[in-house]
Amino acid sequence: MSAPATERESAGVDSPGRARILARTLRQDRWWLSPLLTALGLAAFIIYATVRSFVRTAYYVADYHYLTPFYSPCLSESCVPGSSHFGTPFPELPMWIPLAFLSLPFLLGFRVTCYYYRKAYYRSIWFSPPACAVAEPHARYTGETRLPLIIQNSHRYFFYAAVVISLINTYDAILAFHGKGGGFGFGLGNVILVVNVLLLWTYTVSCHSCRHVTGGRLKHFSAHPVRYWMWTQISKLNTRHMQFAWITLGTLVLTDFYIMLVASGTISDLRFVG
Ligand code: FES
């Protein structure tokens, strides 16, 4: 929440009334470890996702219809045959445009404006502040009241986009129940795709905006028993939102990596049926 204007003007460790402590912090523990690990984890995901989104190789397994989420939906004539589950309304794209150009900005916006990720990168990248009782290096604090951080208020709209993208990922996972010669098929890739999509849904519905959409602004829960029930369940998931945020980064990478290995012929999919 943003501080009132008068409070903001006098904010900071040098403001009147604050103890004169010259050291940046008096903490003796390894307070820097958590922000460091967070920064490394986020950087690893960003590098992997960026490279994979641009390479345009090994993102679709034609035999089993496995499509990595990093290329979904694939809507251009640059997509390999079969990977365009919703047709190809766009022409060939130059290499500097990722094939999932329609969904990636919304996914990125959803994650960047997420309440948990804000906390994570405000601490680990902007040092604002890096940890409790550790002074931040910035002289002024304006919170999320002006550009660029006022854009964080758009998170609720990115939530709706994320629901649509989760529906698309679900459709991709259903289409992947495909055997080599046609008909029904089931392999380890299906398990990975389904687990990934279930966890993506869990992350999406545990969102603070989703919690507000279902139960916010209600004056009388007793008059809205269904919304109250949904709000109660989402509130339980919401307490684990940070874990889901990290788990889904991991499952996205795992899903993409597995499909890359199968699509490139490095390994074969472990088949149970078809
Ligand atoms: Fe994290 Fe909405 S608060 S996705």
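Quick reminder: no glycine exception, Cβ is built from N, Cα and C everywhere.
The structure displayed is predicted, hence computed values, not measured ones.
What TrEMBL records for 31-51 (among others) is transmembrane segment.
For 95-117 (among others), the entry in TrEMBL reads transmembrane segment.
For 157-177 (among others), the entry in TrEMBL reads transmembrane segment. For the transmembrane segment (157-177), same-chain residues at least 6 beyond its ends with a Cβ under 8 Å from one of its own Cβ atoms are 64-67, 69, 72-73, 85-86, 103, 106-107, 109-110, 113, 184-186, 189-190, 193-194, 196-197, 200-201, 204, 207, 209-210, 213.
Sequence annotations record features per position, and here TrEMBL assigns transmembrane segment to 183-203 (among others). Beyond the transmembrane segment (183-203), the same-chain residues lying 6 or more positions past its ends with a Cβ under 8 Å from any Cβ of the stretch are 61, 64, 66, 69, 166, 169-170, 172-173, 176-177, 237, 241, 244-245, 247-248, 251-252, 254-255, 258-259, 262, 269-274.
Look at TrEMBL and you will find 244-267 (among others) tagged as transmembrane segment.
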Which residues, given as numbers and ranges, are at least 6 beyond the ends of the transmembrane segment (31-51) yet have a Cβ under 8 Å from it? 25, 70, 117, 120-121, 123-125, 127, 130-134, 246, 249, 252-253
